[in-house]
Amino acid sequence: MARCPMLSSSHNQDHSGRWTAVWTSLWKTPIILWLLLSDTSLPTVRGQTTVPLETVKLWADTFGRNLYNTVTRYSGSLLLQKKYKDAEPSLKIKEVDGLELVKKFSEDMETMLRRKVEAVESLVEAAEEADLNHEFNASLVFNYYNSVLINEKDDKGNYVELGAEFLLESDAHFSNLRVNVSMSSVQLPTNVYNKDPDILNGVYMSEALNPVFVENFQRDPTLTWQYFGSSTGFFRIYPGIKWMPDENGVIAFDCRNRGWYIQAATSPKDIVILVDISGSMKGLRMAIAKHTITTILDTLGENDFVNIIAYNDYVHYIEPCFKGILVQADRDNREHFKQLVDELMVKGVGVVSQALIEAFEILKQFQESKQGSLCNQAIMLITDGAVEDYEPVFETYNWPDRKVRVFTYLIGREVTFADRMKWIACNNKGYYTQISTLADAQESVMEYLHVLSRPMVINHDHDIIWTEAYMDSRLFTSEAQSLMLLTTVAMPVFSKKNETRSHGILLGVVGSDVTLRELMKLAPRYKLGVHGYAFLNTNNGYILSHPDLRPLYREGKKLRPKPNYNSVDLSEVEWEDQAEILRTAMINGETGSHSMDVKVPLDKGKRVLFLTNDYFFTDISDTPFSLGVVLTRGHGEYILLGNTSVEEGLHDLLHPDLTLASDWIYCITDIDPDHRKLSQLEAVVRFLTGVDPDLECDEELVREVLFDAVVTAPMEAYWTALALNISEESEPGVDVAFLGTRAGLLRRSLFVGSEKVSDRKFLTPEDEASIFTMDHFPLWYRQASEQPPGSFVFNLRWAEGPDSPGKPVAVRASTAVTVTVDGKTAIAAAVGIQMQADYLQRQFWAAMQQCNAVEGPCLKSCEDTDLDCFVIDNNGFVLISERPQEMGRLLGEADGALMKQLLSMGVFSRVTMYDYQAMCKPPDHHHSAAESLFSPLSAFLMVARWLLHECLLFLLEWSAWGSWQDKGSEAKSVFHHSHKHKKQDLLHPCDTEYPVFVHQTAIQEANGIIECGGCQKTFVMQQIPRSNLLLLVTDRTCDCSAHSPILQEATEVKYNASVKCDRMRSQKPRRRPGSCHAFHPEENAQDCGGASDTLPSSPLLLLSLGAWLLPPQLLW
């Protein structure tokens, strides 16, 4: 039978007065009183507990006192607190005006981004002027720097054609890539012939951009990549760079597929894709149709809306959940559609009219209800033929205004239905193309973008677009460059020639990249307090930059972008904003503030802080972005302002063990090449000494660093004297003392040789959580700031390498140093030590030998075989145990029964946390034994199906490649298999929830009995003074291993079909782009396409015939 746990008061010293102690404790702990009174079925505990309460308290007090003496002695925390206390008369504590701060940051960002826009505008002007002065020359011969061929030589040592010598030098400004800052180079995808007359004329014309690229870079040295993407397929990039093919020798990068090109070339659009899945579409035709749909989906972005309808005898929404609506074409929805398209099966007879009617109805309903893009609307009809022109449907739904464009894609080589398909497109302001091979799809699909761009081109509206955050892993091969988050500013380039005005010819798009890291430097970290931060989001509510955005995941030894890294919604990071008040205000571009109580995960989610955050936000003018700044209530609302002389501060800056936060911008060092090799500390010194008057520095931050250097300077002498007193023979213990200040200054002192430091990664970039970064203060600083004044927070660190995974190596202890002026308290610094894990254990076991008024051996000791002793931290992680394998693990893993009891008593609380950026393993699919039994015929048919499928696709691509070779292409004869499925990812994006356990500090001691079947297990818990640690002593004689362990494991949040559908259909509020160009009265709608000139090959025709003769179940 369960017994009621006993609680003892920290004020009760009379062990004999047991009931007095219990009621005293209940009076002081109303939570526990409620727990006791709420379950009257539990009998009281009778008899003397086997764990002596007073002895445990003595142990905790002794260990706590010894530990406090050790950490204060070696860290010098009392001295540092005194030095800041002495400086209080010269200090000011200023209350931060969050609204003014976010406005100032926004203005600075707007100024920076405006310079990028001006650079792009100058490129547009130069390109359009060059085109105006250029006459097309079909026989033009022109050599240019081909990015793939530059510096390449043939067997005789001569440069290959288009591959002349091109000087390349490593440049720190461009992530140490080898570039040529004097000129640009030109890249073409493998499927574009590098000597096609259109290419040669375009490349020749765009040579005029070279001096503009250079001039832009000289005017604004913070510019990164500048480029021009041509509508014909070539890509001119500055600075010039050597382009490396992939492992198959293929250049798959096509600038016309990039988000910046597509967004700049067209206005937002609503698209319904209709795909014929009747029996005539079997085999290769269906493969081409699927590839065409995938290519169309790749041209859509987060400002577009889409749905896909498959038709035969009936109309089928390929995602039934999306019936009757359009959904935002974000990455998740596009990928979902691609999976469903891949599963399409052919059967029946194609009835186009009902599919057209359904598409028109959707578009009409969305337009009338003010949903979707409220701009372009289009229907994409993908079929192998149309038996009529469906004029009645168009008369009813689209004429005479023709507000919905219809684009038709005739699949296959048959031309019987070409005239009808073209008629449909031409009479609905669309475009007709015939797609005979997989290779045709890319160029054919791109035509619709050029048609949609016509109104904008004719009107000469140069809209400026900014993309969502993205990583250009396709463009760059180095990990440093490819994993860098960017946004791109882009503008369209038009032909201004009068003779082609009605055709609305888009020449291409110019753009320039802005790294979000550089942009966020304009929100200096030191102005935001210990827990504060700045973040950016887009008009669609997606995160552009946020310290809690985790865009990468680890696959083996490599970091890879998560599939949905650039469509993480603000509500998925600031998930406490359940009413989406903050999100709604920010996407609407409002200026204001909002407050929330939040749970902030720390230490990779193992810990949590409870904070009240004030959010301040405003928009960034002339961009789709909004900026938010977060300040934490309490010490986060204040900023400390000190002052000292340059001479005194400069002297104290020059100590060899002093460093500054390398991620913070004390001085701008990345513009002038002479400054790029300087550390921030070196730059500050050069600035203060006047050696380099050209350096631009943040004078406020430099002033605070000088002040902190002066105040903390005595710590170096203190630590040095301490180190001299440690003999060589003394047993190893404390190895590092350290401090950090709110200005990013870091000092450390070693008490042992560097080779003997227990954790050598500490305070280095390898342990990012332990240093100041752009995103956060060090973990030890953040935790110390939330500890009661004068107390230390302890953390156990363990090895994570392959040699000794999970082995405890070090314990870190830190405490905050505060300053109070005029009743306002601010955190000035944090100070602490790193000690060996073994040293802490030795101190503990020594303290456990203490007992009261007893001569000789103690009656009880933690070394007794009938007792278990643990030291755990305030999140339940074991720092000390007799069993080393339990150290670093959650108490619930080591003793589930005890953790369960502590939770039920309210000593610990379970806090549920959510992760909406998680990656989960796919569920295992187990097949029944019957399913796994194949007949010989079934096995043969399966193999035959696979072989035939692969042969068909290979010969289809071989046929397409042959047609390019007939035109004289000299590119490598390797075709990019874009239709093939990528290797199945082991992990997929998901939502998870996980528990974090938090000690309730009001309960400093507790004891009780746990029922474990045939025995009772007693325990005592005692707070260790001036720390975040707890001592737990339990009775080992009672085996409670039958109790399940309590783990800190993340579990995937599973949504049933109904909830999942509701989530997929839901349209979160968003702000539409400010401009729309859907129609222009001067548009030449008769420029509406023609037939493909790709010729069939004999082997392909024969194999296609075989595909038609074979039963469809063999093919798909």
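Cβ coordinates come from backbone N, Cα and C, glycine included.
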Of the residues ASN180, ASN498, which is given the N-linked glycosylation site tag by Swiss-Prot? ASN180
Candidate set ASN725, ASN1056, residue annotated N-linked glycosylation site in Swiss-Prot: ASN725
For Swiss-Prot, the entry motif 'MIDAS-like motif' belongs, out of 156-160, 276-280, 576-580, to 276-280
Pick from ASN137, ASN643: which one does Swiss-Prot list as N-linked glycosylation site? ASN643
Rounded to a whole number of Å, the separation of the Cα atoms of ASN643 (N-linked glycosylation site) and ASN725 (N-linked glycosylation site) comes to 34
Least buried by Cβ count (within 10 Å) of the glycosylation sites ASN180, ASN725: ASN725
Can you tell me the three-state DSSP label for ASN725 (N-linked glycosylation site)? coil
Three-state composition of the motif 'MIDAS-like motif' (276-280), taking helix and strand from DSSP: 2 helix, 1 strand, 2 coil
Rounded Cα distance in angstrom between ASN180 (N-linked glycosylation site) and ASN725 (N-linked glycosylation site) is 57
